[in-house]
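See structure below.
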Amino acid sequence: MGAMAPRTLLLLLAAALAPTQTRAGPHSMRYFETAVSRPGLEEPRYISVGYVDNKEFVRFDSDAENPRYEPRAPWMEQEGPEYWERETQKAKGQEQWFRVSLRNLLGYYNQSAGGSHTLQQMSGCDLGSDWRLLRGYLQFAYEGRDYIALNEDLKTWTAADMAAQITRRKWEQSGAAEHYKAYLEGECVEWLHRYLKNGNATLLRTDSPKAHVTHHPRSKGEVTLRCWALGFYPADITLTWQLNGEELTQDMELVETRPAGDGTFQKWASVVVPLGKEQNYTCRVYHEGLPEPLTLRWEPPPSTDSYMVIVAVLGVLGAMAIIGAVVAFVMKRRRNTGGKGGDYALAPGSQSSEMSLRDCKA
C-alpha cells in the first residue's frame, strides 16, 4: 500500500507526518494510496508509497511499464523475490478495490464519470518507546477532503458527510473495523519491527542539529530574529524563544519540520523584537542528538572601526614578528662568522641581475 501526492494528498500528509520519532520510540510506518480516475480510461491510476519514520522505502505505480512494488531505500534490497511478488499482488488487489470504490463514490455524490476523481487512503501504526503499538491509523479522503476515518479506539468510524455515512453503515455491518484493527495491532507492528531492524543503520541513527540565529531588520524600530536548526535526524526537535528566561510561545512564528533532501531535516522559529534589545532574547534547541540543549543569541558582527583596529594590530604584530626573525637570523650569522659579514654566493643565473642593480646609481 502507499501513496503518491498531487496537491490533494497534502491533507493526508499533514495528518500522517505529524508524529515524530526518537530512537527508542516512537517509530512510525505509513502507507499512502491514491487512485485517480481519468476520462476515457477504464482503469484509474493507482500509486502506493510506504514510509518508515518519514522515509520512503517502497513504491508501486500502476502506470509503470512493468507495475511492481519497488525498493526506495537501500536497506530494502535485502528482501527476496517472494517478498516483492507478494507485495505486488497485494497492490494489484488494492488497485481493483480503489476502482470499485471510486465508482461507488460517483453514485453517492451523484457525479459524472466523465471527469477526474481522486480517492486516497492513509494507513499505518506508531510504536512507543517499548516498541508496542502506540496508535493505529486508517483515513480516507475523497476529492482532497476528509471522507471517513477509523477512530483511535480502532472500533468505531467518523464519517465526514452524508455520503460517508453510507460507507460507515456498510462497514459497521460487515465488521470492517475488526479486520483493520487486527492488521494494525498485528501485521503492521510486526513489519515495522522488521523494517527497523533491517534499516537500523539509517533509521536508528542520530544526527545533532547545527544551529544559528539570523537578524532581519523590519520597520518601526523592530527586527526579526530567526533561530535555525539544520542537518538533524530524527525529525523530532523543539525550538523555543525566551525573553530573559521566559518562553515566548504566543509571540513566536514556527514552521513545520521539513526534509532537507539529504536524509536530514531542518526547522526555524522566529520572533519580532525591539531594535537594540536583541541580546535579551535567547533561542533554545532540544534534540536527542544533543548532550544538552543549545542556548543561542544573535551575535552581531564586529563594527567597521573594531575590524580596522583588529586588522591594524594584527599587521603590526606580524611586522614585528618578521623583523624579529630577521634580526635573530643576522645576529646568528654574525656570531658564526666572528662578527664579519658572511660569504654569500650568488645563485646560479643571478649574475646579470646583480650587475644591473649595482650600476643603477642615484
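Each position is counted from 1, following the chain as shown.
Cβ coordinates are placed from backbone N, Cα and C, and glycine is handled just like the others.
Since this is a predicted model, take the numbers as computed values, not measurements.
Summarising the annotation, Swiss-Prot assigns ubiquitin cross-link to Ser353 and lists a curator's inference as the type of evidence. The disulfide bond feature in Swiss-Prot is assigned to Cys125-Cys188, Cys227-Cys283. Feature annotation from Swiss-Prot assigns domain 'Ig-like C1-type' to 209-297. According to Swiss-Prot, the N-linked glycosylation site annotation covers Asn110, Asn200, Asn280. Marked as phosphoserine by Swiss-Prot on the basis of similarity to another entry: Ser353, Ser356. What Swiss-Prot records for 25-114 is region 'Alpha-1'. Feature annotation from Swiss-Prot assigns region 'Alpha-2' to 115-206. Annotation source Swiss-Prot lists region 'Alpha-3' at 207-298. Feature annotation from Swiss-Prot assigns region 'Connecting peptide' to 299-309. According to Swiss-Prot, the region 'Disordered' annotation covers 340-362. Under the heading topological domain 'Extracellular', Swiss-Prot lists 25-309. Here Swiss-Prot flags 332-362 as topological domain 'Cytoplasmic'. If you look up Swiss-Prot, you'll see 310-331 marked as transmembrane segment.
Of all the recorded positions in the record (Asn110, Asn200, Cys227, Asn280, Cys283), the one with the smallest CA separation from Cys125 (disulfide bond) is Asn200.
Closest to Asn200 (N-linked glycosylation site) in space, going by CA atoms and restricting to the recorded positions Asn110, Cys188, Asn280, Cys283, is Cys188. Across the structure, Cys283 (disulfide bond) and Cys188 (disulfide bond) are spaced 39 Å apart at their Cα atoms. Each of the disulfide-bonded residues Cys125, Cys188, Cys283 was scored by the number of other CB atoms within 10 A of its CB, and the lowest score belongs to Cys188.
Note: the CA-CA distance between Cys227 (disulfide bond) and Asn280 (N-linked glycosylation site) rounds to 14 Å. On the backbone, the CA of Asn280 (N-linked glycosylation site) and the CA of Cys188 (disulfide bond) stand 49 Å apart. If you measure from the Cα atom of Cys188 (disulfide bond) to that of Asn110 (N-linked glycosylation site), you get 36 Å. Asn110 (N-linked glycosylation site) has a Cβ environment of 7 other Cβ atoms inside 10 Å.
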